[in-house]
Ligand code: HEM
Ligand SMILES: CC(C)=CCC/C(C)=C/CC/C(C)=C/COP(=O)(O)OP(=O)(O)O
């Protein structure tokens, strides 16, 4: 029997449960948690470290599942999301709800029992933030949805650091601010080119409500405090030159791309719109900066 036939007979298989966790987005979320943990001045036992990262991955995946459980109706209206397991009818909502609540509870309890209560508490806050504050409360109500709700995705570096140290400190707080302030340019760059999808679904994303021009300006404006948060750890003496120089160069490039988006600069032979380039670069940027902060702290400790 072919795989295609098999999935017709058993509509929801493991791939659908995996899809509920938004695995591609969550790789970066988990990576920021891992680097937050590696940047901490206290080494963590490898087994505990692995458990903490597993808990972040489970918590993030569970939050993404509950997000899709709540907004299956919205996802059905958008081309980008219509083929997800719930809107496509491959899974019933109750299975998704049970999976999401079960895995969320498991992640927080395991983090609390095996690692520490501080990390477990921040993990719980980030899950609740994504599901309740962003998905249930803000997403359908205000174009500021991702500015406030986006904080959910900024917690993992704090969770990773807290897993190793049991507390929070200035460096992971700045890393939180970096992801928090990075989220609006990251998301609005994408929203500029999937605007019609959101308009059709009635989601008040900034380009739909305030227009393209305004969104472009907002992307440029948010890049300024984001750049400050990105570079600040170096002059504050929290990291060395490895991170400082990497962050400075890559942030300049980020700012140049954001400026292109803000000024709407695209020549006719420009196959890729500046907003597409900024969106793609935003992901690479965060991966490299977090890799650099972990490498920098590791060098300093060795
Ligand atoms: C409320 C905040 C955010 C919103 C609304 C948002 C929205 C999106 C959307 C709609 C996509 C398109 C592709 C997809 O659905 O898979 C995307 C891609 C992505 N986002 Fe975000 N995002 C947010 C925050 C974050 C955060 C905090 C991270 C990581 C730290 C992140 C990492 C990524 C990555 C890695 C991709 C690319 C996924 C792929 O390759 O398919 N996002 N984001
Ligand atoms: C540890 C923990 C709980 C982390 C959570 C991480 C988090 C909040 C990431 C945000 C990422 C994300 C995919 C937003 C998508 O917005 P959307 O849901 O509006 O996207 P959609 O239109 O693709 O459904």
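Along the chain as shown, the residues are counted starting at 1.
Heads up, the Cβ atoms here are built off N, Cα and C, so glycines get one too.
Remember, TrEMBL labels are computer predictions, not curated facts.
Feature annotation from TrEMBL assigns transmembrane segment to 25-44, 50-70, 96-114, 120-138, 145-164, 170-194, 215-236, 242-266, 278-300.
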Recorded stretches the transmembrane segment (120-138) and the transmembrane segment (50-70) touching, at least 3 CB pairs under 8 Å: yes
Distal contacts, the transmembrane segment (170-194) - CB-CB under 8 A, six or more residues away: 32, 36, 39-40, 78, 80, 146-147, 150-151, 153-158, 160-162, 205-208, 212, 215-216, 218-219, 222-223, 225-226, 229-230, 232-233, 236, 238-239, 254, 258, 261, 273, 275-276, 278-279, 282-283, 285-286, 289-290, 293
Criterion met for the transmembrane segment (50-70) and the transmembrane segment (145-164) (at least three Cβ pairs under 8 Å): yes
Cβ-Cβ under 8 Å with the transmembrane segment (278-300): same-chain residues at least 6 beyond its ends: 28, 31-32, 34-36, 38-41, 157, 171, 175, 178-179, 182, 185-186, 189-190, 193, 219, 230, 233, 239-240, 242-243, 246-247, 250-251, 253-254, 257-258, 260-261
Cβ-Cβ under 8 Å with the transmembrane segment (215-236): same-chain residues at least 6 beyond its ends: 170-171, 174-175, 177-178, 180-182, 184-185, 188-189, 191-192, 206-207, 243-244, 247-248, 251, 254-255, 258-259, 261-264, 275, 278, 289, 293
Remote residues contacting the transmembrane segment (96-114) - C-beta distance under 8 A, at least 6 residues beyond either end: 17, 20, 48, 51-52, 54-56, 58-59, 61-63, 65-66, 68-69, 85-86, 120-121, 123-124, 127, 163
Long-range Cβ neighbours of the transmembrane segment (25-44) (under 8 Å; 6 or more residues past either end): 52-53, 56-57, 60-61, 64, 153, 156-161, 163-165, 171-172, 175, 179, 283, 286-287, 290-291, 293-294, 296-298, 301
